[in-house]
Amino acid sequence: MIYHDPGTASHSDHSTLVVQRDDVSSIVSSVHDIEFAEKGRRNDYYGDGSDDVKEPVPKVKETCPSDMDRFLVLFEENDPENPFNWSGTRRWFISAVAAFLIFNATFASSLPAGVLQQMETHFNFSGEVGALVLSLFVLGFAVGPILWGPLSEHYGRRPISLYSFPLFIGTQIGCALSPNTASILIFRFLGGVFSAASLTNSGGIMSDIFDGSARGRALAGFTLAPFAGPSMAPLVSGWMNVAGVSWRWVFWLQTIVAGAALILVVFALPETFKPILLVRKAERRRKQTGDGRWWAPLEKQRVSFLRRVKDIVTRPFQMLVGEPMLLAITLYMSFVYGVIYLLFEAYPIVFTIGHHFNSGVSGLMFLPIPIGGTVACVLYVVYFDPIYQVAVKEHHPHHPPPEHRLHNSLYASLILPIAFFWFAWTSYPSVSFWAPMMAGFPLGMGTVLLYLGLFNYIIDTYLASAASALAATVIVRSFFGAGFPLFANQMYDKLSPRWASTLLAFISVVMAPIPFVLRKYGPALRRRSRTRINDV
């Protein structure tokens, strides 16, 4: 393994490293090693996150670096090429672009909701097949990361976005021109697969440009995008339907939005993946000096692409099975995510059928959800994050225990059942539509606050294994998001809107203790974890 030795640092243009001679392969086997070496967090690092790592890796005694070691290219201190050292304005702009890419994907996922009746009439398919038009796109979110995750680690964030977006645009054109039911369903699924590159890449971009102390504030606005997109899309397509616009123009509109996102990718999204940036730095060093011995770790990476695919497919599920703590968090987040997509079937029953609204006005009923999410983001920045920053100062130079990330999730777990009960027992046609409509406000607020806390908790808990842990949550929640709309109509028809929503409320009550249990027993649970990285 490697670490910086201040006592031997030279004044040359590269960092001097203390290296164990027979462990060069370990240098190039893990990008995480480099990151922790650069930050001087050697004592916090417990290996590459594999299940067989149980104890801290001891520091290596000082030895003379070999020629290979001396020509290893890393970021120097305050290196302007390191994304962490880019200006705040540039990093926040990039984060805004990344959030828009996610908004584009999630907006597309529910955009047909307002014109499903048109499509059912045109293609003569049932309401269940109409639900598939929404569900298959979200199912693509579960499949896509299996492809885009390893590709982004081989080629970087930018190339994946550059190549996936034209393919995504092609699927939207395919939807707009679809002659039959089979083609629309196939193109919707492929659209989800290709747009999932944004979900995979954007999260990576955020971790590339923000360190742990700033990550919470950065994720506040970033977390809103996955929920604002699907909540606002039915409003747009609903009014297009009321205006008499053909359902095909809904997909032409999405083509235009995706085209705008592609322009941003081409002109405003730089490469942020540090291993790729180090490869470019090594290439320049070799060209400038004429010395071919300069090298970057990724250039000697021994993990094949197929091995990465295998790890990405199998490791998240291995962690889910072996980590009860992660399984509980994933089920909670997935349930809430599934409910968001279930509402695309439930709201028309309550508002279109119950209150006799047209599809445009019914789309307006979704607005309190993103408004509540926006308020949650502001609340996090002005209230919850300052509380966390106090903990950062108290534990300096170490990092606060991950449980400090759960403060806002405690409130969210209480808000969500209130939102579900509120929506359930105000959904009578005889009750003013304002009552069930405004239940969306605490739903949006609780959802964003919950995700902000649990996302950060997963990252702080698993550190080097966080990518696999987060992949598990993305895959499972996408299955929930795809599955929930498929039984929503039957559930609300059989149970009535009151009792169907009450069932959701009771499930949220059962799950509400999860953040409280993690807050109290998290340290003990992390010490028992097979893949633990941070057991502070």
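Residue positions begin at 1 at the first shown residue.
Heads up, the Cβ atoms here are built off N, Cα and C, so glycines get one too.
According to TrEMBL, the features are:
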- 94-523: domain 'Major facilitator superfamily (MFS) profile' (DOMAIN)
- 92-109: transmembrane segment (TRANSMEM)
- 129-148: transmembrane segment (TRANSMEM)
- 160-179: transmembrane segment (TRANSMEM)
- 185-206: transmembrane segment (TRANSMEM)
- 218-237: transmembrane segment (TRANSMEM)
- 249-270: transmembrane segment (TRANSMEM)
- 325-344: transmembrane segment (TRANSMEM)
- 364-384: transmembrane segment (TRANSMEM)
- 405-425: transmembrane segment (TRANSMEM)
- 431-455: transmembrane segment (TRANSMEM)
- 462-487: transmembrane segment (TRANSMEM)
- 499-518: transmembrane segment (TRANSMEM)
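A contact between the transmembrane segment (431-455) and the transmembrane segment (92-109) is absent, since fewer than 3 of their C-beta pairs, 6 or more residues apart, lie under 8 Å. Residues 105, 108-110, 112-113, 116, 119-120, 160, 164, 181, 184-185, 188-197, 199-201, 309, 312-313, 341, 344-345, 471, 474-476, 478-479, 481-483, 485-486, 488-489 of the same chain lie 6+ residues outside the transmembrane segment (129-148) yet bring a C-beta within less than 8 angstroms of a C-beta in it. Comparison of 92-109, 218-237, 249-270, 364-384 by number of C-beta pairs under 8 angstroms to the transmembrane segment (185-206) places 92-109 first.
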